[in-house]
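Enquirer: Mind looking over this structure? Questions follow.
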Amino acid sequence: MDSVSFEDVAVNFTLEEWALLDSSQKKLYEDVMQETFKNLVCLGKKWEDQDIEDDHRNQGKNRRCHMVERLCESRRGSKCGETTSQMPNVNINKETFTGAKPHECSFCGRDFIHHSSLNRHMRSHTGQKPNEYQEYEKQPCKCKAVGKTFSYHHCFRKHERTHTGVKPYECKQCGKAFIYYQPFQRHERTHAGQKPYECKQCGKTFIYYQSFQKHAHTGKKPYECKQCGKAFICYQSFQRHKRTHTGEKPYECKQCGKAFSCPTYFRTHERTHTGEKPYKCKECGKAFSFLSSFRRHKRTHSGEKPYECKECGKAFFYSASFRAHVIIHTGARPYKCKECGKAFNSSNSCRVHERTHIGEKPYECKRCGKSFSWSISLRLHERTHTGEKPYECKQCHKTFSFSSSLREHETTHTGEKPYECKQCGKTFSFSSSLQRHERTHNAEKPYECKQCGKAFRCSSYFRIHERSHTGEKPYECKQCGKVFIRSSSFRLHERTHTGEKPYECKLCGKTFSFSSSLREHEKIHTGNKPFECKQCGKAFLRSSQIRLHERTHTGEKPYQCKQCGKAFISSSKFRMHERTHTGEKPYRCKQCGKAFRFSSSVRIHERSHTGEKPYECKQCGKAFISSSHFRLHERTHMGEKV
C-alpha cells in the first residue's frame, strides 16, 4: 500500500471559495488541518518542505502550527488583513520544478533542493547519527567579529560570508555575485525580464513582491510624517522621507565618500565606480547602468512618446522634456538662481546655470580630460570620440549623435515651428532658438568670458569662444585627421570626403554642400547685385565679396604668414599659401589617388579622367579643361603674345 502524504488528505479551497467562508468556518478549517498534520506525524510521516525557512525554527514556532498557518495564509491574504483582490498572481515556479538548489553544503559546496536533504548530507561529513546531528545543529554559535549569537550552525556559517566576502552565487550573464541565494534569484529576473507578481486590478506586473505590495490599490497610507503631514503606503518609504527632514545619509561610498539617504541611490552610485551595466538592449546591444536609462533608450527603437502635451499635442520620449515643454505655454519660470536672480523654466536648467558661478565640473572625459558640469554632457561629449550616432530619422534614415540634432533635422521634413516670439511674431522650431532670439530684443548677454570680457547671448557660443583661448579642437576627422573647434565646421568638412550635396537649386538643379553656397548661387539667376563699391561702382552678389574688393582700394592685408611675412587680403588665400610651407595636400582624386593643395586643382584634374571641357571658345569652338587655359587661348585671337 502506498504511503499517505499530507496533500492526499488535505482539503483545498480556491481563493473565491475561501472568500465565501465566515470566520468560524475558517477557524474550523485550521483546526482540522492541524489535527490531520498531527496524525500523519504520529504515523511517522516526515515532512520535507523546501519553503520552511530556518528563521521560523529559530523563532521557536511549532512546525505543525506554522505549516497550517502558512496554508491558510495562502488563501486569506497577508497577516495585515489583505483582501484577496490585493493578492498577486504568482507566476514563478518552485525550485523543485526549475532545478534550482539554494541549499549549499559549507564543507564540500554541494547544492540541494531541500534543506532536509542538506541536513542528511551533512552527517556524511560529521559522522553523527540523526539525533546527534540535530543536537549539533542546535548548539549556539557566536561570531567573533561582531559578537552576534546564532542558534544553528548553518545560520552562523551563512553569516560568516558577510565578513569573509565569499559570494558563492554568481550570475552567468553579467558575473555579479551574491552572498545569499534569494537575492541572486531575484537578480536573475532582471535579465530574464520575469515579473511574477501581477496586480489583478490593473494588470501591472512586478519583479519583487515588495514592489507589488507598495503598488496596492487600497488607498491606505498608514505612515504619516509628523513634520509635514505627508503619508506613505510602506514603512521603508516613510523612513526614507524622514531623512529629508533630518538630513541623515547613512549610506556612504567607500571610494569617494559621497553619502546617500536611500540604499537604492547608493547602489546605483556604486556603478559609476565599478562600470557595471546590467541592463542590455536586445536590439542594438548597448548596455546601461540604470534601469530608467535602459527604459528611456528602448523608446528610441520603438518610437514611443508616452508624454503628450494637451495644449498643442506634441509628444515626448521623456517626462523631464514634457514638463519643461508645458511651462513654455504658461510662460512661467519658477526656478531662480540665488546668485544672480536669473529665472528658469526647469529646476535642471537652474542647477546647470548655478555651476557657472561655482565652476564645478565633476564629470571628466577619460580620453581627453575635458570636464563637464553634468553626466549627460559627458556622455554626449564621448560620442565625438566614438562616432556613435544612435538617433535615426525614420523618413530619410540619416543618423545623429544627439536627440536634439535629430529633432532639428526632423523639422526639415515637417516644417513645424511651434515657438513664436511675442514681440515680433517670428517662429522657431526649438525653444532654445526662441530664447536666443528673444535676447536680440533685450540685448541680454549673460555669458561673459573671464579672460577677455567678451559677452555672449548663448551658452553654446560662449563655450565655442572659450576654445579660442584654450586651443581646444574636440572634433577630429577620422579620414584626414583635421581637427575643428565647432561641430558644425566638422560636419561641413566631412562632406568634402563624402561628396554629399544636400542643397539643390530649384531653378537649374545644381547641388551644393552648404546652404550658404546655395543662397549665393541663387543670386546668379536673379541677376541682383545689391552690394556696390562706393569708390568704383562695381557691384557684387555677396557682402563678403565687397569687403574683399574694398581692400584692393585700401591696400589692407590683414592675414600675414608667420613664416615668410607675406600678407593676404582674404583668409582663404592665406590658408592656401600656408600649404606651400606645410606641404599639406588635403584634396585627393578618387580615381587615381593623386593629392592636391587646393579643391579647385582637384576639380580641374578630375576632368582629365571624365573628359569634361566646360570652357569653349566662341570664335573657333575649341574647348578647355580650365578657365586659365581658356583665357590664354583667347589672347591668340586678339593678337596678344602669350
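Backbone N, Cα and C define each Cβ position, glycine as well.
Just lifted these from Swiss-Prot, have a look:
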- 4-76: domain 'KRAB' (DOMAIN)
- 103-125: zinc finger (ZN_FING)
- 169-191: zinc finger (ZN_FING)
- 223-245: zinc finger (ZN_FING)
- 251-273: zinc finger (ZN_FING)
- 335-357: zinc finger (ZN_FING)
- 363-385: zinc finger (ZN_FING)
- 391-413: zinc finger (ZN_FING)
- 419-441: zinc finger (ZN_FING)
- 503-525: zinc finger (ZN_FING)
- 531-553: zinc finger (ZN_FING)
- 559-581: zinc finger (ZN_FING)
- 587-609: zinc finger (ZN_FING)
Enquirer: Using a Cβ cut-off of under 8 Å, list the residues of the same chain at least 6 residues beyond the zinc finger (251-273) that approach it.
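Expert: Sequence-distant neighbours of the zinc finger (251-273): 240, 243-244, 289-290.
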Enquirer: Would you mind splitting the zinc finger (169-191) into helix, strand and coil residue counts from DSSP?
Expert: 11 helix, 4 strand, 8 coil
Enquirer: Mind checking which residues reach the zinc finger (419-441)? Cβ under 8 Å, same chain, six or more beyond either end.
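Expert: The answer is 324-325, 328, 404, 407-408, 411, 457-458.
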Enquirer: Are there residues at least six beyond either end of the zinc finger (391-413) with Cβ under 8 Å to its Cβ atoms? List them, or say none.
Expert: 300, 303, 317, 380, 383-384, 429-430
Enquirer: Counting only residues 6 or more past its boundaries, what in the same chain has a CB within less than 8 Å of a CB in the zinc finger (587-609)?
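Expert: Result: 496, 576, 579-580, 625-626.
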Enquirer: By a Cβ-Cβ criterion of under 8 Å, what residues six or more beyond either terminus of the zinc finger (531-553) are in contact with it?
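Expert: Distal contacts: 520, 523-524, 569-570.
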Enquirer: List the helix, strand and coil residue totals of the zinc finger (419-441) as derived from DSSP.
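Expert: Taking each residue of the zinc finger (419-441) in turn, the totals are 11 helix, 4 strand, 8 coil.
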